[in-house]
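> Submitted below is the structure of interest, expressed as C-alpha cells.
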Amino acid sequence: MILLCGGIPFLWKLSGQISGHAGFGPEYEIVQSLVFLLLATLFSAMTGLPWSLYNTFVIEEKHGFNQQTLGFFFKDAIKKFVVTQCILLPVTSLLLYIIKIGGDYFFIYAWLFTLVVSLVLVTIYADYIAPLFDKFIPLPEGELKQQIETMAKSIDFPLTKVYVVEGSKRSSHSNAYFYGFFKNKRIVLFDTLLEEYSALNKEPAEGEDGENEETKSKTKNKKQGCKNEEVLAVLGHELGHWKLGHTVKNIIISQMNSFLCFFLFAVLIGQKELFAAFGFYDTQPTLIGLMIIFQFIFSPYNEVLSFCLTVLSRRFEFQADAFAKELGKAKDLYSALIKLNKDNLGFPVSDWIFSMWHYSHPPLLERLQALKDAKQE
C-alpha cells in the first residue's frame with residue numbers, strides 16, 4: 001500500500017516542508033534525509049505497536065512468558081525509540097556525507113565507516129546500551145562462578161567478568177551469551193537460565209501482596225532453569241562458537257556481503273529509472289537510493305543469502321554441540337536442551353522443509369540424536 005499510494009515520495013516531500021520551515025532549503029539534503037528518517041521510523045513504530053502489544057499481552061501472556069506491565073512496556077518502547085534515534089541519526093548523517101564527498105570510490109569509504117561503526121557498537125552495547133534496559137549484576141562468588149572460570153581457563157578463553165542479567169522482569173525466556181574483543185571477554189547469563197536465580201522458582205516474600213492472583217496461578221508449580229552442571233554445558237556450547245571461530249567467520253561473511261552491497265549500490269545509484277519507478281522523477285536523494293536498492297532491489301538476493309546463512313548457522317550449532325561433547329558435557333547438555341525446550345514451550349517436531357528454511361538452530365530431536373551416543377557412554 002505504501003508503494004502503490006506513493007507513501008515514500010509523500011514522506012520525502014513532507015520532510016522537505018518541515019526542514020524548510022526550520023530554515024533548511026532543498027540544498028540541505030542531509031537535513032531533509034534525517035527528518036525523513038525520523039518520520040519513517042516513527043511511522044514504523046506506530047504501525048508496529050498493535051502487533052507488538054498483541055504478541056506481548058496476548059500470545060506471550062497466554063503461554064505464561066510475559067512478565068511486563070503495560071506501563072513498563074510503553075516506557076521500554078519509548079526508551080528504545082529514543083536510544084535508536086540517538087545512534088541512527090548521527091550515523092546516517094555521517095554515512096550520507098561520506099557518500100557525497102567520497103568521489104568514485106565512495107563505496108570503499110562507506111563500507112569502512114559501517115565496519116568501524118558496527119565494531120564500536122558491538123564493543124559498547126553490553127556495557128553502555130544494554131544496561132539502559134536491563135539490570136546487570138556480577139555473578140556472586142561461589143561454586144558456579146569457580147566452575148565457569150575453570151572451564152574458560154581450560155580452553156584459554158580470556159574471561160574477565162561473569163554477569164547475570166535480570167531478564168525475568170521482561171520475559172521468562174532463557175538465554176546466555178558472551179561478548180567482547182581480544183583479551184576482554186565477558187559472559188552474560190539470564191537469571192531465567194539459572195534455577196537458583198529464576199523468579200518463577202522463588203516463593204514470594206512474606207507479606208508481599210503486589211502479585212495478583214492471575215500471576216500467582218501462572219507461576220504456581222512451574223519450575224524453570226538449569227542446574228549448575230547444565231548451565232556449564234550450555235556455556236560449553238557457547239564457548240565452542242568462540243573456540244571454533246564461528247563469531248569471526250560470521251563477521252567476515254557479514255563484511256564481505258556489506259562490501260558487495262555498497263559496490264552494487266555504487267553501480268546502480270546512477271540509474272534514474274530506479275528512482276522514477278518509486279515516484280522520484282526530479283530528484284535522486286542518496287538516502288532514498290539506499291532504501292530502494294538495499295531494501296527492494298536486493299530483496300531476492302537477501303532471501304537467498306538468508307537461507308545460506310541459516311544453513312551455515314545450523315552447521316555451527318552442531319559443531320558447538322560437538323565441542324561441548326568433547327568437554328565431557330554431552331549428558332548435561334542433553335538434559336539442558338530438553339529443559340530449555342520445555343521452559344520455552346518449544347515443539348520438538350518440525351517439518352524438515354520449513355525447518356531448513358526458517359530455523360537458524362537445528363530442531364531439538366536432531367541435536368539430541370547427535371548427542372545421544374556420547375550421553376549413553
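Yeah, the Cβs are placed from backbone N, Cα and C, and that goes for glycine too.
Look at TrEMBL and you will find 30-54, 81-99, 105-126, 259-281, 287-312 tagged as transmembrane segment. Under the heading domain 'Peptidase M48', TrEMBL lists 138-373. TrEMBL lists 204-223 with the feature region 'Disordered'. Taken from TrEMBL, the feature active site covers Glu238.
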> Under 8 Å for C-beta pairs, could you tell me which stretch among 30-54, 259-281, 287-312 has the largest tally with the transmembrane segment (81-99)?
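That would be 30-54.
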> Quick check: do the transmembrane segment (105-126) and the transmembrane segment (259-281) share at least 3 Cβ pairs under 8 Å, counting only pairs 6+ apart in sequence?
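Counting Cβ pairs under 8 Å (6 or more apart in sequence), the transmembrane segment (105-126) reaches the transmembrane segment (259-281), since there are 3 or more.
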> Taking the domain 'Peptidase M48' (138-373) alone, what is its mean pLDDT?
84
> Same-chain Cβ contacts of the transmembrane segment (30-54) under 8 Å, 6 or more residues past its ends?
11-12, 14-16, 18-19, 22, 24, 73, 77, 81, 84-85, 88-89, 92-93, 96-97, 100, 285-287
